[in-house]
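Only one structure is covered here, and it is reproduced in the block below.
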Amino acid sequence: MAKVAVWKPSILVLPRGLARWEVREAYVLAETAGYRVVDVLYYRRVSSSKLLSDAKLEELAEKAKSLVGNEYARIIVYDNLKPREYFRIVKATGVNTIDRTMLILEIFSLHAGSREAKLQIELARLRHELPLVREAIRLSKLKELPGFLGPGGYAIDAYYRYMVSRIAKIKRELRELRRRHEIERSKRRSAGLPHIAIVGYASAGKTSLFNAITGLQKPVGPEYFTTITPKRRAISFNGLRTVFIDTVGFIMRIPPEIIEAFHSTLEEAATADVILYVVDVSEPDTVIAEKLDEGLQTLRRIGVIDKPLIIAANKIDLVPQEDIERLTRLLEGAASTLYPALEAVIPVSAKTGAGVAKLLCRIATLLAGTKGSTC
């Protein structure tokens with residue numbers, strides 16, 4: 001029997017001042033999670049503690065009337081909601097509400113294949129929900145609780161105790177998995193295998209380049225976060241044998257809960273010998289620069305500041321030939337100020353294979369410790 005797609009209407013609540021590409025990204029994230037955006041509301045934050053003005057909240061409640069009673073419907077606030085603001089919105093609209101962190105975690109759940117990825121996602125979700133549950137307990141004592149994260153489930157107090165216990169258990173299990181990963185890395189290093197971590201903004205073509213380099217056919221697509229669990233492959237090229245690792249993509253303003261929960265995944269970059277940073281150069285210059293800046297800042301946040309870094313300027317098949325040199329200089333200028341260990345910018349196309357041989361040659365030269373480059 002064929003599956004029937006569930007109708008998941010949503011209202012997207014966006015802060016004013018986002019760049020056009022960030023607005024597009026918000027729509028893409030909502031759609032990737034399976035939501036159909038039926039309306040949008042723009043707002044300006046009232047204060048640090050209050051997201052929506054009373055007038056904006058009334059406007060949102062009016063827009064949401066058609067969604068009331070639909071268990072699949074969501075109000076998606078493209079910001080990080082504080083507990084009091086979360087319940088304020090739910091009470092006014094009567095519609096289940098998620099914020100940006102919850103949305104990203106829903107997408108992660110769709111692509112999580114490994115036990116570790118599922119645990120990391122659950123840990124991030126529980127940590128994010130914990131303050132909401134504390135606020136729910138406070139409101140329940142005041143008899144002002146409008147409903148919390150959908151119908152059914154545990155009584156609030158019992159659920160809070162369960163969450164605390166579950167977080168502790170997941171952290172223990174992830175520590176054990178992290179220990180095993182470290183043992184595996186040590187074995188590969190003992191065998192003399194350098195590690196190349198492929199990183200970059202979501203949907204830049206990291207997995208496509210990983211496939212082009214390794215000859216594998218891992219799933220790729222235009223949607224965000226197709227890679228949640230790192231993929232590893234040892235290959236030989238230019239007289240060397242190395243391990244390439246495809247990692248989870250970066251995104252603007254990565255929530256701290258996600259960085260912390262995915263520490264062992266992001267650690268692949270921190271322990272690599274070379275960072276291969278993939279950039280989509282088919283986008284406008286300002287978008288390229290902003291995404292590169294965000295990604296490099298994320299690397300710094302996880303302690304990657306002195307690893308040799310090569311930028312793969314990807315998707316040159318979508319760029320006029322005469323623009324490639326200019327884009328290369330743009331990336332060199334933007335990256336070198338933030339990341340002094342930048343080694344090179346190599347134009348490539350993961351789709352056609354153009355430039356991949358030169359990229360591998362440059363990596364081999366770097367690993368061999370050769371000064372300069374003959375590539």
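Keep in mind that glycine also has a Cβ here, set from the backbone N, Cα and C atoms.
Feature annotations, reproduced from Swiss-Prot:
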- 200-207, 225-229, 246-249, 314-317, 349-351: GTP binding site (BINDING)
- T207, T227: Mg(2+) binding site (BINDING)
- 194-371: domain 'Hflx-type G' (DOMAIN)
*Tell me the Cβ neighbour count for T207 (Mg(2+) binding site), meaning other Cβ atoms within 10 Å of its Cβ, over all protein chains shown.*
23
*Look at each of the binding-site residues, K206, K315, and point out the one with the fewest other Cβ atoms around it within 10 Å.*
K315
_For S349 (GTP binding site), nearby residues of its own chain (Cβ under 8 Å, 6 or more apart in sequence)_ = N314, K315, I316, D317, G355, V356
_Rounded to a whole angstrom, what is the C-alpha distance between G200 (GTP binding site) and T207 (Mg(2+) binding site)?_
10
*Lowest local Cβ density (other Cβ within 10 Å) among binding-site residues: S203, T229*: T229
*If one measures from the C-alpha of T229 (GTP binding site) to the C-alpha of T207 (Mg(2+) binding site), what distance in angstrom results, rounded to a whole number?*
12
_To the nearest Å, how far is the Cα of V248 (GTP binding site) from the Cα of T207 (Mg(2+) binding site)?_
10
